[in-house]
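Input: a single structure, listed below in structure tokens.
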Amino acid sequence: MKSVCGVLIILVVLTTMLSISTFSTVGAEADCPISEAIKCVEKCKEKVEVCEPGVCKCSG
């Protein structure tokens, strides 16, 4: 069971990083750090409008 949990955790991390890289190229600013992007994604789900250091705005 431990190996299954480990695989699931890795999948979640990879999915999160992929979604962050998508946001950084599509809607968010290039100077948005990864930690800030993670907070924005958690806060806004898939509706991040602005992501800058210390600033996170959701669209819609």
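If you go along the chain as it appears here, the first residue is 1 and each next one adds 1.
Cβ coordinates are placed from backbone N, Cα and C, and glycine is handled just like the others.
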Cys56, Cys58 - which one Swiss-Prot pairs with Cys44 by disulfide: Cys58
Of the candidates Cys40, Cys51, which does Swiss-Prot name as forming a disulfide with Cys32? Cys51
According to Swiss-Prot, which candidate among Cys5, Cys56 shares a disulfide with Cys40? Cys56
Indicate the candidate from Cys40, Cys56 with the smallest number of other Cβ atoms within 10 Å of its Cβ, considering only these disulfide-bonded residues. Cys56
Once the chains shown are all counted, how many other Cβ atoms turn up within 10 Å of the Cβ of Cys32 (disulfide bond)? 22
From the Cα of Cys58 (disulfide bond) across to the Cα of Cys32 (disulfide bond), what is the distance in angstrom? 14
Is it possible to get the count of other C-beta atoms within 10 angstroms of the C-beta of Cys51 (disulfide bond)? 24
